[in-house]
Amino acid sequence: MAVVLDLLNKDTRPKLDAPARPRHPEKAHRPDTAIQRKPDWIRVKAPGSKLWAETKDIVRANNLVTVCEEAGCPNIGECWEKRHATFMIMGDTCTRACSFCNVRTGLPAALDEAEPEKVAEAVAKLGLHHVVVTSVDRDDLKDGGAEHFSRTIVAIRRASPGTTVEILTPDFLRKPGALEVVVAAKPDVFNHNMETVPGKYVTVRPGARYFHSVRLLQRVKELDPTIFTKSGIMVGLGEERNEVVQLMDDLRSAEVDFLTIGQYLQPTRKHHEVVRFVPPDEFKAYETTAYAKGFLLVSATPLTRSSHHAGEDFARLKAARLAKLGPAPVAASIRAVNA
């Protein structure tokens, strides 16, 4: 199938200093959708401080990719000023084509075998106490990149023994044994985002399967109950409140500990439209409902993103588990897993 480039559209046309291939070739045929003006409650500070520049320099010096940049995260200024960055491993090109995502799609390059050590070096240079590592989908790899995740976790622990590690993984769809490899590396937090309610998967996340993702999170707890599990969704894609509440029930049935809910923001005219900007009071209502259903921690605001305030949230997660279970049951579960 031929891909026709719209050279008049500044959002999709190739940059003069970039390869001719468009960033999202599978979206080139889609009609333009107007990008709505953001409401007053969605405002962020433009990046540009000295600490932001230092973080950027460390990322560049190690030839690393961050989801902060690739996904166009609105919180990049705040996070990088704190020397926090979410590392995206296994390249900058994803094998999926989700309609909400700004990450480049196509056929990825071979894995950089030195990348785990490069990430570990950057974590040490930044002095991170808590690091988040995510990846593109790599359906082209036999294990979906599970071994690469494992090697990255091990490298970080070796270089920075006091640093806690949070991972945000793809779904490892049709990759038997992949999840077990990642869990065996013992990340402190295992995050896999549901992204949206099941009724929107066909248009928003067509390469994934809703109940496979639920089962993935459930399986993590079965393999190692001491690992915190986490998942997130976007709202504003046309979902109904009752669908979000049902998703909460599905995640609690999988014993997920932490739920994040944020406003979907449309990256370009070729991406899924924003159906509605959800006001802050509705986010607060979602938070109240989620806590009532038993989540240990909930973050629900328009600018909530999976990795936003991840270090602070990890401390809150540990405190919430301790308050709920007490020190004896927590210690017993750790001993059981390590036995």
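Each residue's number is its place along the chain shown, starting with 1.
Glycine too: its Cβ is placed from the backbone N, Cα and C atoms.
The region 'Disordered' annotation in Swiss-Prot covers 13-35.
S307 ([4Fe-4S] cluster 1 binding site) falls outside any helix or strand according to DSSP and counts as coil. Taken from Swiss-Prot, the feature [4Fe-4S] cluster 1 binding site covers C68, C73, C79, S307.
Per Swiss-Prot, the feature domain 'Radical SAM core' maps to 80-296; the stated evidence is sequence analysis.
Counting only same-chain residues at least 6 apart in sequence, those with a Cβ under 8 Å from the Cβ of C98 ([4Fe-4S] cluster 2 binding site) are E195, V204, R205, P206, G207, A208. Summarising the annotation, Swiss-Prot assigns [4Fe-4S] cluster 2 binding site to C94, C98, C101.
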Inset, instruction - Compare the C-alpha of C94 ([4Fe-4S] cluster 2 binding site) with the C-alpha of each of the binding-site residues C73, C79, S307, and give the closest one. - result: C73
Inset, instruction - Taking only the Cα atoms, work out how far C101 ([4Fe-4S] cluster 2 binding site) lies from C73 ([4Fe-4S] cluster 1 binding site), in Å, as a whole number. - result: 11
